[in-house]
Amino acid sequence: MASPAASSAPAASLERRLGLGGLGLGLLVPAADGDNGPPAPPMPGLMRLRCAVQHYEWGRRGAVSLVARLAAAAAADDDRPCAELWMGTHPSAPSSLAPDVSLRDWIARNPAALGRTVAARWGGDLPFLFKVLSVAKALSIQAHPDRGLASALHALRPATYRDANHKPEMAVAVTEFHALCGFAATQELKEVLRTVPEVQELVGKEESRKLLSVKEQDGGIGVRSYLKSAFTKLMVASEEAVSEAIAKLKSRLNAESKVRTLTKKEQLVLSLEKQYPGDVGVLAAYFMNYVKLSPGEALYVGANEPHAYLSGECIECMATSDNVVRAGLTPKYRDVQTLCSMLTYDQTFPEVLRGVPVQPYVTRYTPSTDEFEVDRYLLPSGRSVTMSPVPGPSIFLVMEGEGEIQAGTMPDNTKAKEGDIFFVPAHTEVKLYTSGFRSMQLYRAGVNSRFLS
């Protein structure tokens, strides 16, 4: 049987590696079977995270990338695009407490950090993945599978679909943010088929006729069936046919721009053509809603809904998954048949979320899924705010400014500045204070409060 001193040694060693000796980290070390030693020490109030940057080609570079600025140390002297900052436990880019101590492993050893309800529901892992995105050019036209399809795709092609989880997600705009999301209304699609001959040619006369003849009031399965058939016909067209259609479209719009003002969708299509020449996604944009978010507005994307983020910077939160089914605007693997078959073909314009004030300086964005919610803190100079204990974990990101954080029973405040990221265990009170003359902007990701209540 291990002695109490022996069982506590790993925790003390880990505290030293994390540079937290003397701060009461209180790592919980499971006792050996039959060990009736002293009770585990209290859970730490908060822990500083080291988080990974993803260098996808669509990301912004250098000082214009919010991701690069927030991850200044990790992105120093790196001229690659800084596209995403990942905060969480997903194995593709896990956050860590030290170079060899992942947050995922620490939570596995300390499930009390999740809270009993969260640990029971999500198998002892963090249920959400928190990100920052800096988008210079369009991401792929994509959708995320529901749980059933995710499980099937993971079993079939685990190298491409790396987990079996669904991936509902929400983007909160930090700057003006543009996206394509969901299918346009029937009347708009009819106008496309009447006025964009390059699209009608690829869709075909029969499929075009069906959509053009449908009545607005019909709605339901009939329209969805016609829409699915027309969209699939476009997406599976040959590369040669697509390239020829886009060349015709580009030539026609450039000529018409000299005698009239192009529509916003037409301007978007020309912009996408410059980014992805000859890509079918350029034409697919005509089928989708064009959404513009102002800073502080948010967009929720459920399972099996087509979307593509186009430009801007945002906070993003999602269920812990990296499952993406792509079909356009990408050099990556395309699974066109899967995407066309999985979509809901819903034509409702996406709801723009503006958040709900939950206390002074704090706005909450609450989606319909249980895994996550996001709080935005806009804390003026000289002010403070307290987050009452919640029965689930949180991750805090300092976006702008500097101040101090006091968490749980920690006797001293922790300094917090732009780019700092903290993991906060369940049942921990957090107090935030500004310092100096600058305000602070922070974001918190946590488990949906409706699930926890």
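Any Cβ shown, glycine's included, is placed from N, Cα and C.
Because TrEMBL annotations are produced automatically, they should be read as predictions rather than curated entries.
Taken verbatim from TrEMBL:
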DOMAIN    46-183  domain 'Phosphomannose isomerase type I catalytic'
BINDING   GLN142, HIS144, GLU169, HIS307  Zn(2+) binding site
DOMAIN    202-288  domain 'Phosphomannose isomerase type I helical insertion'
ACT_SITE  ARG326  active site
DOMAIN    365-409  domain 'Phosphomannose isomerase type I C-terminal'
Positions whose Cβ lies under 8 angstroms from the domain 'Phosphomannose isomerase type I C-terminal' (365-409), at least six residues beyond its ends:
24, 42-46, 49, 70, 87-88, 107, 113-118, 121-122, 126-128, 130, 132, 168, 170, 172, 174, 296, 298, 300, 302, 315, 317-320, 353, 355-356, 358-359, 415-452
Rounded to the nearest angstrom, how far is the Cα of ARG326 (active site) from the Cα of HIS307 (Zn(2+) binding site)?
10
By DSSP, what is the split of the domain 'Phosphomannose isomerase type I C-terminal' (365-409) into helix, strand and coil residues?
0 helix, 25 strand, 20 coil
I'd like the Cβ neighbour count for GLN142 (Zn(2+) binding site), meaning other Cβ atoms within 10 Å of its Cβ, all protein chains included.
24
If you average pLDDT over the domain 'Phosphomannose isomerase type I C-terminal' (365-409), what do you get?
95
Reported as an integer number of Å, what is the Cα distance between ARG326 (active site) and HIS144 (Zn(2+) binding site)?
9
Non-local Cβ contacts of GLU169 (Zn(2+) binding site) (under 8 Å, 6 or more apart, same chain)?
HIS144, TYR300, VAL301, GLU316, CYS317, MET318, ALA319
For the domain 'Phosphomannose isomerase type I helical insertion' (202-288), the number of residues DSSP places in helix, strand and coil:
65 helix, 1 strand, 21 coil
Counting each residue once, how many in the domain 'Phosphomannose isomerase type I catalytic' (46-183) are helix, strand and coil under DSSP?
39 helix, 41 strand, 58 coil
